[in-house]
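J.: Dropping the structure in here first, questions after.
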């Protein structure tokens, strides 16, 4: 084999090893992002909800700041209920990792009938939240507010 070919092969192997260490985005969170953007007709990226108020994004505490933050609080509670279901009691059936089937048609989100009990429950949590997000006012001042004012979500 030509030395240049060996060098290219080595570079590919090294880059693949590096990429293998990058954790993938949990599939159900990717589903949730798609449902959000379906329900709001693509008017706002799902990332805009990743760190909003006291409950949108990782964790959550305190009093929700507005209707949108209340949507996230309800969604957090729904995931908590999903984790209590016997059908969802192992790691890969966690709401954060369990991918489900859905359809999006002109802003209407539908969880499909081929989901098992756990997937159907998680899909309905995400569907309800996505519809709630689409109907709530987005207050720009509440984006990343917990980082701007760490006393607000006590």
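Glycine is treated like the rest: Cβ placed from N, Cα and C.
Heads up, here are the entries from Swiss-Prot:
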- 1-27: signal peptide (SIGNAL)
- 38-104: disulfide bond (DISULFID)
- 54-153: disulfide bond (DISULFID)
- 56-72: disulfide bond (DISULFID)
- 57, 59, 76: Ca(2+) binding site (BINDING)
- 71-132: disulfide bond (DISULFID)
- 75: active site (ACT_SITE)
- 78-125: disulfide bond (DISULFID)
- 88-118: disulfide bond (DISULFID)
- 111-123: disulfide bond (DISULFID)
- 126: active site (ACT_SITE)
J.: How many whole Å apart are the CA atoms of residue 38 (disulfide bond) and residue 72 (disulfide bond)?
T.: 17
J.: Of the recorded positions listed here (75, 118, 126), which is spatially closest to residue 111 (disulfide bond) when Cα positions are compared?
T.: 126
J.: Distance between residue 104 (disulfide bond) and residue 72 (disulfide bond) at the Cα atoms, whole Å?
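T.: Per the Cα atoms, residue 104 (disulfide bond) and residue 72 (disulfide bond) stand 21 Å apart.
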J.: Using the alpha carbons only, what distance in Å do you get between residue 72 (disulfide bond) and residue 78 (disulfide bond) once rounded?
T.: 10
J.: Given the Ca(2+) site residues 57, 59, 76, which other residues of that chain have a Cβ within 8 Å of the mean position of their Cβ atoms, reported in sequence order?
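T.: Checked against the 8 Å cutoff, the neighbours are 55, 56, 58, 60, 72.
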J.: Enter the number of other CB atoms within 10 angstroms of the CB of residue 76 (Ca(2+) binding site).
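T.: Result for residue 76 (Ca(2+) binding site): 17 other Cβ atoms within 10 Å.
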J.: Most Cβ neighbours within 10 Å: which of the binding-site residues 57, 59 is it?
T.: 57
